[in-house]
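Some notes on the structure that comes next.
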């Protein structure tokens, strides 16, 4: 049986795309995934160009694959994702043993590219932007648990001064309304209970509705997804404050399947830096969104993204970021030191802040957010949380784990329940009382009496 090894860098969109690469190759050639590159007939790197380290890591990994290619000339080596889109044929020039190079919008052409490489003996490069056609050529999604990702749009049209995404994934293009609903319904029929709607900027979604001229905005899409039988929870990422509309805020009042958790990247706490980033909103406007959401959902947890050390960032600018962190009380953050990306406007800005200063700022920021995350977890001890059971605990397979609405993993034991009955709980919603908070998980006891034998604690 032929096998494919896929290494994924970067965001959840890339995770989704990697799953689709595996689906496409399985449907076309019967390839099955492997975790061992030495066993693979096809090795793919799904790349990220958001930060320089991620980009260089790709070429480092390619160097290690070179020996495998030398031992097995029939091995197919491919590079996809945003680095592929940005670098194109120069990847082959730098690593001549690479067979195929493809972008995020052309992953559906992967079998054709591999076939052309085998027939012609020449490397194949396709990093074009054929809009949204890839979704018309993808096989049905494979379900591997009660949660699933569904891409609703591609690209970004915001052109933040530091970001390469518009250049590597193209402009915003939304999937048709009915196509998204059909994919979610198909997943629900296979046992999926929670969907995460994906896009570089999901709240810019504007999907075609049938053969009409009407368009569905993101709030309407959320409303219809919530009506699909079997779907219990809806998450989404990533959203942009500039397009967080009043309709979307109101959805939190009417749509109870939207979880009490939101990832809303702010990037910085200084208006001066936000303007240099071309983010299109002020700190006050961002805080207004959070205030309105918390008026509707007082317990909603907020996660975000921060960039530290953007060109021109002063101590006063960073202090404003810390003020925002304390005021909002973030539950989590993806925080990074600014990494200049070639071809972006910010790459030309003067930057005289020492790296050591940036590193100290990042450590201070992340330590503060980590402490707040721990405080929130401790505050959950004694509460009863509704969790979606996802499968066996990673540390103890005899136990189960689930996830709370605010995205925390809860491990729990059911020692009196036979293993077969425990397995049947995967995909079910259970109430658990949180009894202990750990740095990266919670411990709970089941409190719900169920007809399938789960006892009350």
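Glycine too: its Cβ is placed from the backbone N, Cα and C atoms.
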Per Swiss-Prot, member of 11, 156 binding [4Fe-4S] cluster 1 alongside 48, 82: 11
Cβ neighbours within the same chain of residue 11 ([4Fe-4S] cluster 1 binding site) - under 8 Å, at least six residues apart: 48, 50, 238
Rounded distance in angstrom between the Cα atoms of residue 163 ([4Fe-4S] cluster 2 binding site) and residue 82 ([4Fe-4S] cluster 1 binding site): 12
Intrachain C-beta neighbours of residue 156 ([4Fe-4S] cluster 2 binding site), sequence separation six or more, cut-off 8 angstroms: 163, 165, 166, 169, 171, 172, 200, 201, 204
Cβ-Cβ neighbours of residue 160 ([4Fe-4S] cluster 2 binding site) (radius 10 Å): 20
Integer Cα-Cα distance in angstrom, residue 82 ([4Fe-4S] cluster 1 binding site) to residue 160 ([4Fe-4S] cluster 2 binding site): 16
